[in-house]
Amino acid sequence: MADIDQASVIPNETSPPAVNATVAKFVATPEGTALAYGSLVFMALLPIFFGALRSVSCGKSKNSSDMPETITGRDAARFPIIASCTLFGLYLFFKIFSQEYINLLLSMYFFVLGILALSHTMSPFMNRIFPANIPIKQYQLLFTQGSGEAKEEIVNYEFDTKDLICLVISTVVGVWYILKKHWIANNLFGLAFALNGVELLHLNNVSTGCILLGGLFVYDVFWVFGTNVMVTVAKSFEAPIKLVFPQDLLEKGLGASQFAMLGLGDIVIPGIFIALLLRFDVSLKKETRTYFYTSFLAYIFGLGMTIWVMHTFKHAQPALLYLVPACIGFPVVVALLKGELTEMFR
């Protein structure tokens with residue numbers, strides 16, 4: 001997961017500069033706007049829902065690459081500071097150096113990460129549809145350092161034929177993204193990053209989740225409303241760390257170029273909190289998933305509020321401004337009503 005939250009819902013990307021004339025600003029049709037924002041909301045819900053479900057069982061995996069990374073209270077407190085430094089550093093890079101070369105380096109970096117993330121995302125589906133009559137061969141990628149008793153494992157990755165097929169498909173998507181920068185390829189990688197983030201980043205308790213969301217709430221509001229840094233970086237950063245959907249799709253088809261966008265941080269950060277509440281539901285050993293569905297609906301409400309305010313005031317919005325109170329407030333109210341607040345925070 002990227003350290004920065006390119007998180008504002010932003011109405012449009014900038015148009016190419018005009019030549020000897022002023023180009024009329026693009027105005028989306030109501031149908032195009034509804035389709036774009038409805039699609040963004042739908043795409044945002046997919047990695048949260050399926051990533052949360054996969055987070056329940058990922059800790060049981062024997063493969064070290066599938067083991068979750070636990071976020072502690074100390075990590076949560078430092079995260080907004082690290083994110084701010086990273087965001088401002090990128091802003092300075094884009095101001096000082098050529099945007100073309102920076103994006104070329106970032107594209108190659110995310111090309112490799114995207115292939116691995118998409119391959120990992122596809123793996124469970126491949127296990128279900130892979131023909132039983134095709135033999136499955138096991139492979140192991142092992143890098144060691146030193147010899148004898150001093151030998152130390154650096155990489156030990158086990159995979160099979162199904163994983164290789166996922167890797168080939170993911171590589172095709174990666175090449176498509178590198179060559180065309182098409183918005184569909186961008187979204188495939190973005191969804192894979194988001195799902196992996198929700199699945200593999202685990203909060204150790206609800207208090208840590210509140211610290212993380214609260215800190216990023218301040219971070220998001222400051223960098224969107226207080227400066228132009230986040231909007232500038234989000235529009236300059238050509239990497240699959242945001243979901244995009246064209247507002248002129250109905251007019252131009254797949255060649256559309258005027259995008260609404262949603263940063264992956266606005267999906268992953270609330271998503272790992274929602275996944276934590278699902279694991280809390282499971283720990284209660286009840287048939288219902290009250291807290292998971294409450295927080296899931298709260299996310300839909302918060303994202304809907306973000307889009308409505310942005311569309312009304314025609315200004316990029318820090319989505320966490322609306323998502324954090326909703327995703328924390330709704331489950332806390334439910335826990336109070338059920339008398340389980342102490343158990344939730346314990």
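A Cβ is built for glycine as well, from the same backbone N, Cα and C atoms used for every other residue.
Caution: TrEMBL annotation is automatic and unverified by curators.
These figures come from a predicted structure and were not determined experimentally.
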Matching range for TrEMBL feature annotation, transmembrane segment, among 166-184, 185-203: 185-203
The transmembrane segment (290-313) in contact with the transmembrane segment (185-203), cutoff 8 A, at least 3 CB pairs, sep 6+: no
Positions whose Cβ lies under 8 angstroms from the transmembrane segment (100-118), at least six residues beyond its ends: 93-94, 166-167, 169-171, 173-174, 177-178, 181, 188-189, 192-193, 196, 236-241
Residue numbers, six or more beyond the limits of the transmembrane segment (185-203), whose CB comes under 8 Å of its CB atoms: 1-2, 43-44, 46-48, 50-52, 54-55, 58-59, 66-71, 76, 110, 113-114, 117-118, 120-121, 173-174, 176-177, 209, 212, 240-245, 264, 267-268, 271-276, 279
